[in-house]
């Protein structure tokens with residue numbers, strides 16, 4: 001951070017550092033163009049190689065037209081134009097001078113890239129030890145050294161620059177990592193394969209030495225004939241067999257089994273002598289060939305291939321998982337996309353406005369650069385957390401939009417409950433009033449019945465004989 005402040009005070013270095021990606025792209029394109037020239041024209045003397053002048057002019061005008069169309073469509077216009085200028089340079093200057101020109105441009109551009117890389121990362125202020133331990137810086141220095149060798153030593157050194165594609169493409173880099181990530185397992189399995197080859201070589205040397213008969217092709221030699229020009233002569237004698245023994249020593253057996261046995265799909269048995277079924281060692285030869293095929297070819301080699309393939313599949317799965325997490329999970333709070341479904345704020349708005357990662361980075365820079373005496377309360381708290389490498393100040397698994405939404409939901413539920421309570425109270429009040437009215441009506445009816453019963457009692461007493469008199473008369477009558 002402090003280096004970036006110093007870098008802005010150096011306008012030239014800052015200008016180069018801001019365009020580091022551009023310099024890298026130019027270096028790779030120049031390396032591709034140089035290797036295309038070498039592939040089509042090498043070896044060359046002073047002319048244009050196998051392509052004549054008319055073909056160069058035709059290709060020049062075709063590429064010029066394609067570059068014009070590309071410039072109008074604003075896509076892929078510079079590459080055809082560059083190729084057209086290179087062909088024009090080959091036509092006028094020659095292949096050698098064109099390679100020198102492109103190599104010089106590539107070397108200068110790579111030096112500019114290294115300067116911009118150093119300016120962007122501040123490598124020089126880290127000390128020599130940090131520079132030596134910086135693998136990326138050493139890689140760019142090796143690239144510049146290879147460009148120098150291609151310019152001043154030999155043109156074929158430029159072919160090494162094409163490995164820059166591995167550095168630029170993550171997929172190819174994962175292919176290399178699939179071999180190096182589990183390198184120990186692969187090396188141990190390869191060591192097992194070497195041990196098995198050694199054991200099979202010993203068995204072949206002891207029992208099957210006569211079967212190690214290899215077919216060879218004699219080397220043809222050129223000789224100058226003044227009358228017929230260059231003629232081909234075989235270094236072999238007439239009638240000499242085109243075979244030779246390949247297991248007279250244990251070392252030759254090991255080399256033969258290792259070279260031919262691992263490279264043939266059927267194992268070492270494919271290159272050995274075809275024995276007759278009447279030979280006494282025919283069963284041993286069958287067992288030898290089958291064991292080598294099943295143990296070395298099928299099991300051991302496939303173990304190595306399986307480790308590489310599984311590692312590459314794991315790397316691809318990790319990459320896809322990381323991309324999926326970045327697409328569906330907020331980097332700041334860790335909430336997933338589905339948490340914002342049917343909410344007032346979408347996930348895209350959340351990561352862009354609420355939890356913008358760059359805003360948090362700007363705030364961290366502000367806290368680090370701001371004078372401590374000018375801190376506010378939250379800034380002091382965050383500065384203390386950053387100093388202790390503590391990330392508890394990040395809003396983990398929570399967001400203001402979700403809190404507001406949940407609060408609104410709770411308020412709505414409370415409001416609904418209050419409305420239901422009011423309506424229930426009204427119903428209770430109505431029922432209470434009706435019960436009171438019913439109680440009063442029942443009381444009135446009971447009073448009315450009591451009055452009616454009292455009237456009936458009085459009416460019966462005035463129109464009849466008293467029970468005591470009636471009874472007395474009745475008794476007298478009977479006596």
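Placed from the backbone N, Cα and C atoms, the Cβ positions cover glycine too.
Per TrEMBL, domain 'Ion transport' is recorded for 55-319. Averaged over the domain 'Ion transport' (55-319), the predicted model has a pLDDT of 82.
Taken from TrEMBL, the feature region 'Disordered' covers 458-479.
Sequence-distant contacts of the transmembrane segment (21-42) (same chain, six or more residues past either end, CB-CB distance under 8 Å): 48-51, 79, 82-83, 86, 90, 95, 98-99, 102-103, 105-106, 109-110, 112-113, 116, 143, 150, 155-156, 158-159, 161-162, 164-165, 168. Taken from TrEMBL, the feature transmembrane segment applies to 21-42 (among others).
According to TrEMBL, the feature transmembrane segment maps to 54-72 (among others).
Taken from TrEMBL, the feature transmembrane segment applies to 93-117 (among others).
The transmembrane segment feature in TrEMBL is assigned to 137-165 (among others).
Look at TrEMBL and you will find 186-208 (among others) tagged as transmembrane segment. Remote same-chain residues near the transmembrane segment (186-208) are listed as 179, 247, 249-250, 253-254, 256-258, 261-262, 268, 272, 281, 284-285, 288, 291-292, 295-296, 300-301, 303-304, 307-308 (criterion: CB distance under 8 Å, separation of at least six residues from the stretch ends).
The annotation transmembrane segment is assigned in TrEMBL to 290-313 (among others).
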